[in-house]
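All remarks here apply to the structure that follows.
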Number of protein chains: 2
Amino acid sequence: MALIVQKYGGSSVADTEAMKRVAQRIVDAHNAGHQVVVVVSAMGDTTDDLLDSAAALTSAPPEREMDILLSAGERISMALLAMAVNELGVEARAYTGAQAGIQTDSRFGAAQIVGMVPERVARAVKDGQVAIVAGFQGISKDDDVTTLGRGGSDTTAVALAAALHADVCEIYTDVDGLFSADPRIVPKAHRLRTLTQEETLEMAAHGAKILHLRAVEFARRYGVPLHVRSSFSEKNGTWISDAPANPELKGLVPDAALKSPEENAMEKPVISGIAHDRSQDKITVTDVPNSPGVAARVFAVVAEVGANIDMIVQNIPVSDPTKANITFTLPEGDARKALDALEAHHDEIGFNELRYNPNIGKLSLVGVGMRTNPGVSARLFSAMSDAGINIDLISTSEIRISVVTRLEDLDRAVQAVHTAFGLDASETEAVVYGGTGR
Amino acid sequence: MALIVQKYGGSSVADTEAMKRVAQRIVDAHNAGHQVVVVVSAMGDTTDDLLDSAAALTSAPPEREMDILLSAGERISMALLAMAVNELGVEARAYTGAQAGIQTDSRFGAAQIVGMVPERVARAVKDGQVAIVAGFQGISKDDDVTTLGRGGSDTTAVALAAALHADVCEIYTDVDGLFSADPRIVPKAHRLRTLTQEETLEMAAHGAKILHLRAVEFARRYGVPLHVRSSFSEKNGTWISDAPANPELKGLVPDAALKSPEENAMEKPVISGIAHDRSQDKITVTDVPNSPGVAARVFAVVAEVGANIDMIVQNIPVSDPTKANITFTLPEGDARKALDALEAHHDEIGFNELRYNPNIGKLSLVGVGMRTNPGVSARLFSAMSDAGINIDLISTSEIRISVVTRLEDLDRAVQAVHTAFGLDASETEAVVYGGTGR
C-alpha cells in the first residue's frame with residue numbers, strides 16, 4: 001500500500017464527463033489498495049468566467065473579495081468530484097483549503113503557505129475514504145479565504161504530499177509529462193522518463209510551463225517525488241525525484257523510477273531538456289559612470305518597485321572606459337514600472353538613456369550531466385552559429401546555460417540546439433532508452 | 001441613523017447589470033446615513049446549474065458534499081456584490097456564513113441555526129463599511145459547511161437582524177410586497193401596506209410563497225420588523241411588525257409603519273389576505289374501529305415516517321357507529337411514505353381501505369380582525385356556495401379559516417372569496433386606505 005496524492009488541473013475536469021473519467025481513475029487507484037488524496041482545480045473555464053464577472057463590475061476589485069470569488073471554483077469542482085467518486089461505490093469526502101488545514105499568510109491573490117495541519121484529510125484516508133481537497137486556496141490566521149496564485153493547485157498538492165509523507169504526488173495534466181523541449185516548437189521532442197528535482201527546478205524557472213516553480217521548490221525542499229502525467233491516457237509520464245520510488249508503486253510509475261538515481265544517471269544524456277521563455281524584456285541603461293556602487297544603485301531602484309531581475313550584463317565601451325552600459329532582463333509585466341523608476345532617478349544614477357527591447361527570447365539548456373561534461377557551451381554556441389543566430393546575453397548555473405536571442409529567432413534556436421544535442425526523438429528514444437517508439 | 005439588514009434574492013442579482021442596480025441601492029441607504037448589512041442569494045440560475053451538474057454525476061449525492069457545492073453560489077454572489085459596492089466608492093466586506101458567525105446543527109440541506117456570533121459583521125458596520133453576507137449557509141460545530149434549506153437566505157437575514165438588533169430587515173424580491181391574494185389568480189389583489197407577524201405566519205404557513213415560514217417564525221420570536229419590497233422599484237412594500245418603525249426609517253418604510261399597531265388596526269379590513277396551497281394531498285383511512293386510541297395509533301404510524309399532518313377530520317358513519325373514517329391532509333412529498341407506513345400496520349390499526357386523493361386545494365382566510373368580527377365563516381361559506389364550490393374539510397385558528405376544495409375549484413374559490421370580503425383593489429384601496437390608486 002502506498003499513499004498517493006493526485007492533482008487534477010482544470011482541463012482534466014472540464015465538464016461532468018471528464019469528471020467521471022477522473023473519478024474512475026481515482027477509484028482504480030483506491031481499489032488497487034492505495035490510500036488516495038486528490039487535489040482538484042476549478043473546472044475548465046470557471047475561473048475565467050468568474051474573472052469576467054468581476055471585470056464587468058469593477059476595474060479595481062478588492063483583493064480579499066477576489067480571493068473569496070475565485071475560491072468558489074474549486075469548491076464546486078471538489079464537491080462534484082466527491083459525488084462522482086461516491087457514485088462509483090467508494091466513499092469520498094470533500095475538503096476546502098481551510099478544512100484541509102492549509103494555513104497561509106494574508107497576501108491575497110498570492111498567499112504563501114505558512115502551516116499544514118491536514119488532520120481531517122489524514123483521518124479520512126485512514127478510514128478508507130478518498131479525500132478530495134480544493135486546490136489553490138487556504139485560510140489566513142484572520143479566518144479569511146486566500147488563494148495561492150498561479151500554479152496554486154500544484155502547490156497545494158505538493159504541500160499535502162509533504163505533510164502526509166505521501167509516496168508520490170501525481171500531477172495530472174493534458175500532456176504526457178515533461179518533454180525535452182516544447183513539442184509545439186520541436187515536433188521531435190521526446191518525453192522525459194525521469195528528471196532530477198534540480199533539473200526540474202531549472203526547467204520551471206526558465207520557462208517550462210507544465211509545473212509551477214513554487215510547487216517544484218516545495219517538492220525539492222521536502223523531498224516529495226512527483227509524477228507528471230496525462231489524465232487522458234494510462235501512459236506513465238515523467239518521474240521527478242532524487243530517490244527511487246516506493247516499490248509498491250510499480251506499474252503506477254515509469255520503470256526507471258524504481259531504479260537508483262545513479263543507475264538512471266548512467267543512462268541519461270548530458271542535456272535533459274531545453275526550456276524557452278518569451279515573457280522577458282530587456283532594458284539597457286547606457287553610459288552610467290564606471291565607478292563602484294553605480295550598478296548597485298541601478299538595481300536598488302529597480303528592486304524597490306518589486307521588479308524581478310533575471311540576467312545582468314555590464315560592459316564598458318572601448319571608446320570611453322569611464323562609462324559603462326548595464327543590461328538586464330525582467331518579466332514583461334515588470335518592465336513599465338522599472339523604466340518609470342529609473343527615469344525618476346535619472347539624475348542620481350547619471351545615465352545617458354534607457355533602451356527598452358521587448359523582442360527577446362531566452363533558451364535554456366538544462367541537465368545534471370553538464371557538471372561532468374565539459375564542452376557543452378562550445379557545442380551550444382556552435383549550434384547557434386551554424387543556424388545563423390546571434391547570441392545577445394549569456395548566463396549559466398551549474399546545470400544550466402541560458403542564452404538570449406532575438407524573439408523571432410527563438411523557435412529556430414530551440415530546434416537547432418535540440419538536434420545538436422542529440423535530443424530528437426528517433427535518436428534518443430532508441431539509443432538512450434531503448435524504447436520501441438510511441 | 002438606523003441599522004438596516006437588506007436581503008436580495010437570486011432574481012435581484014441575476015446578472016452583473018442587476019447587481020450594479022442592487023449595489024446602487026445599498027450605497028443609497030449607506031449614504032443616507034444608515035448602517036447596512038446585506039444578505040445575498042446565489043445569482044439567478046446558479047443553484048439550478050449546480051444541481052444539474054450534480055445530477056449528471058449521481059442520483060444519490062452525499063448530503064455533506066451537496067451543501068459544499070450549493071454554498072458556492074452565494075460565495076460568488078457575495079464577493080461580486082462587494083466588488084460592485086466598492087466600485088461605487090463605499091467600502092464593502094464580504095463574509096461567508098461561517099465568517100458571519102452563523103452556527104448551525106449538522107443537518108445538511110436543512111440545517112437549523114443554533115447560534116449567532118456575527119462579530120466581524122458588527123465590527124465592519126461600526127467601521128463604516130457595508131457588510132455583505134452569504135445567505136442560506138452556516139457552519140456546523142464540526143467545521144462543515146451547511147445549508148439552511150428552502151428560504152434559507154430569508155432566515156439568514158432575519159437571524160442577522162435579530163442578533164444585530166437591526167431596525168428593519170428588508171426582504172427584496174421581484175414583487176412589490178405581500179398581496180391580499182396571489183395576483184396571478186386574482187388580478188384585483190391589492191398590496192398590503194402592513195401586516196402583523198401573526199398574520200404573516202398564518203399566510204406563510206398556508207401557502208403564501210413570498211416569505212419562508214422559518215424566517216417569519218424567527219422574526220416573530222425575536223421581534224424583527226420585516227419590510228417586503230421589490231428590488232426593481234422604489235415603491236414601499238409590506239411592513240410586517242407588531243410595533244411602529246424607528247422614525248429614522250421615514251421614507252424607507254410605508255407611512256403606516258410609523259403608526260402604532262392600534263391606529264393601523266382601526267383602518268384594517270377584517271380579512272387581510274387569502275393564501276392558497278396546491279401542494280397538499282388527502283388520505284382517508286376507512287372503517288377503523290371507533291374506540292379510544294385508534295386515531296392516536298394512526299397518527300403515531302404516520303409521524304414515525306416524518307410526514308407532516310396538516311388538517312384532520314374524523315367522522316362516524318350513521319350506518320355503523322362502531323366504525324370511523326379518519327381523513328387528513330399532508331404535503332404531497334410525504335404522501336407515499338405515509339401510505340406505505342399505514343399499509344404496513346394494516347392489521348394493527350384494523351382499517352378497511354386507504355383512499356388517496358392528490359387533487360385537493362386549500363384556501364385560507366387570514367386576518368386579526370376575525371377575533372372581533374363574528375360571521376366570517378358564514379360569509380365564507382355562503383361565498384363558496386354562491387360560486388357552486390363544495391367544501392371538503394375545514395380547519396380554523398383564532399385568526400384563520402382554511403377550507404379544502406377540489407383542486408380544479410381552487411382558483412375560482414379564491415376569486416369568489418376575495419370579492420366577497422371586499423378585498424378587490426378598486427374598493428379596498430379607495431375605501432380602506434383612501435389611496436389615490438397605483
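The backbone N, Cα and C atoms fix where each Cβ goes, and this holds for glycine too.
Where the annotation comes from TrEMBL, it is an automatic prediction and has not been curated.
Per TrEMBL, these features apply:
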BINDING   B:LYS7, B:TYR8, B:GLY9, B:GLY10, B:THR173, B:ASP174, B:ARG184  ATP binding site
BINDING   B:THR47, B:GLU74  substrate binding site
DOMAIN    B:283-359  domain 'ACT'
DOMAIN    B:365-438  domain 'ACT'
Legend entry - Other C-beta atoms that fall within 10 angstroms of the C-beta of B:GLY9 (ATP binding site): 22
Legend entry - Spatial neighbours, same chain, of B:GLY10 (ATP binding site) - Cβ under 8 Å, 6+ residues apart: B:SER41, B:ALA42, B:MET43, B:GLY44, B:ASP45, B:THR46, B:THR47, B:SER77
Inset, instruction - For B:GLY9 (ATP binding site) and B:GLU74 (substrate binding site), determine the Cα separation and express it in whole Å. - result: 10
Inset, instruction - Using the structure shown, find which entry in B:THR47, B:THR173 (the binding-site residues) has the sparsest Cβ neighbourhood within 10 Å. - result: B:THR47
Legend entry - For B:THR173 (ATP binding site): DSSP state (helix, strand, coil): strand
Legend entry - DSSP helix/strand/coil residue counts for the domain 'ACT' (B:283-359): 28 helix, 24 strand, 25 coil
Legend entry - For ATP, whose listed binding residues are B:LYS7, B:TYR8, B:GLY9, B:GLY10, B:THR173, B:ASP174, B:ARG184, the greatest C-alpha pairwise distance in Å: 24
Legend entry - For the domain 'ACT' (B:283-359), mean pLDDT (0 to 100): 90
Inset, instruction - Sort out for me which one of B:GLU74, B:ASP174 has the most neighbouring CB atoms within 10 A, since those are the binding-site residues we care about. - result: B:GLU74
Inset, instruction - Compute the C-alpha separation of B:ASP174 (ATP binding site) from B:GLU74 (substrate binding site), stating it in Å without decimals. - result: 18
Inset, instruction - Write out the long-range same-chain contacts of B:LYS7 (ATP binding site), meaning residues 6 or more apart in sequence whose Cβ is under 8 Å from its Cβ. - result: B:VAL38, B:VAL39, B:VAL40, B:SER41, B:GLY135, B:SER153, B:ASP154, B:THR156, B:ALA157, B:CYS169, B:GLU170, B:ILE171, B:TYR172
Inset, instruction - Please name which of the binding-site residues listed here, B:TYR8, B:THR173, B:ARG184, is nearest in space to B:GLU74 (substrate binding site), Cα against Cα. - result: B:TYR8
